[in-house]
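Peer 1: Below is one structure. I have some questions about it.
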Amino acid sequence: MDTGGLSKRLVKVANALVGNVTGALGMVSVIACMFFGAVSGSAPATVAAIGTIMIPQMVHEGYDKYYATGLICVAGGLGIIVPPSFPMVLYGVTNDVSISSLFLAGWGPSFVVGGLLIAFNYVICKRKGYRSPIPKEVSFRLFLASLWEAKWALLMPVIILGGIYSGAFSPTEAGVVSCVYGLIVGLFLYKELDYRKIVPMFKAKVDFIGGMMFTFAPAGALGAVFSYLGYTTVVKNFFLGISDNPYIIILLMYALLFVVGMFVQTMPIIVILSPILLNVATAVGIDPIHFGLIMVLALSVAFVTPPVALNLFVGSAMTGLSIDKITKAAMPFIIGLLLAEIVVGFNPILTSGIVKLFG
């Protein structure tokens, strides 16, 4: 998407939406991460695609480079919150939960997280005086023009989600459809992708895909062993021994996932821990769909909490800045994510409630 020109067109749409208000480029970054998340399903990919475009632009207009990088590293977590999301697919497959329902439930948390990050950005920029020195033209005509230019990029999530909800293809097949669609748009419509770049792009992902396969095989077996040995019951009894209040259980799970997420990557956490924790959640009356979004939100925080923190490593690699200082700059937005966890966790109407209403 980045090489094919789709990413920069999504940024243009976000820019046309915001205009020249206080903290405008920060808002554009968050909205662009939401747009990109709707077509990528990956947090690190969102940071790389949007950060490459927005960080230099923010620095050029007077934003602190650490601030810009920290914001985009946290907002990149929207890549796994905005449907379609790979962690949602993995959670659904692992626990036999409807993936289309998880996607539908993901829209509420997406707007909660996006709204809180925009609000935090506005308050900080107001205090620091971050405002574009160059007046931007803001008009409905300009917005429509940016929408038209980005129409092929914006059509991708419509095709993916429409195909999944209608039953035209499965979530796994949707990944293939989106990849082929991105290649067609980049090669023949936007014409910013040439054939020589395709093989290097695939080679760059071999390590990641291979690592996923090595994760799935032992993780699934380990989960079966845990269940056979009764560890699932032990964990369930431990949590219920503390409290049977669903709100307390949610807070305990958030705390556990926060600590585990600092040291373990997203995929093994979902495959190994989600069946165990789901058993606890359902015992206190938490809907499996709601718990799936609780878990995805908790793991979005894991992308920016060292030492594993993949988004921070991507941000550091792009900018050459130290991870410690990026983390410090990102801290207000990490607090925003934690606040979003509480809002969503304590309000199932934002997740499973949406599914019951529209599903």
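In case you wondered, yes, glycine gets a Cβ from its N, Cα and C as well.
Straight from TrEMBL, here's the annotation block:
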type	residues	note
DOMAIN	1-348	domain 'TRAP C4-dicarboxylate transport system permease DctM subunit'
TRANSMEM	27-54	transmembrane segment
TRANSMEM	66-86	transmembrane segment
TRANSMEM	106-125	transmembrane segment
TRANSMEM	146-168	transmembrane segment
TRANSMEM	174-190	transmembrane segment
TRANSMEM	211-231	transmembrane segment
TRANSMEM	251-277	transmembrane segment
TRANSMEM	289-309	transmembrane segment
TRANSMEM	329-350	transmembrane segment
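Just tell me what is around each of these and how deep it sits.
Peer 2: Here the transmembrane segment (146-168) has long-range neighbours at 1, 6-7, 9-10, 12-13, 15-16, 35, 38-39, 83-84, 99-100, 103-104, 174, 177-178, 181-182, 185, 189-190, meaning same-chain residues at least 6 beyond its ends whose C-beta is under 8 angstroms from one of its own.
Residues 64, 66-67, 69-71, 73-75, 77, 108-109, 112-113, 116-117, 119-121, 124, 247, 250-251, 254, 286-287, 290, 293-294, 297-298, 300-301, 304-305, 312 of the same chain, all 6+ positions outside the transmembrane segment (329-350), place their C-beta atoms under 8 angstroms from a C-beta of that stretch.
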Peer 1: Select the range from 27-54, 106-125, 174-190 that forms the most Cβ-Cβ pairs under 8 Å with the transmembrane segment (289-309).
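Peer 2: Between the stretches 27-54, 106-125, 174-190, 106-125 has the largest tally.
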Peer 1: Using Cβ atoms only, state whether the transmembrane segment (106-125) and the transmembrane segment (27-54) have three or more pairs under 8 Å that are 6 or more apart in sequence.
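Peer 2: Result for the transmembrane segment (106-125) with the transmembrane segment (27-54) is yes.
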Peer 1: Take every residue in the domain 'TRAP C4-dicarboxylate transport system permease DctM subunit' (1-348), average their pLDDT values, and give the whole-number result.
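Peer 2: Across the domain 'TRAP C4-dicarboxylate transport system permease DctM subunit' (1-348), the average pLDDT comes out at 85.
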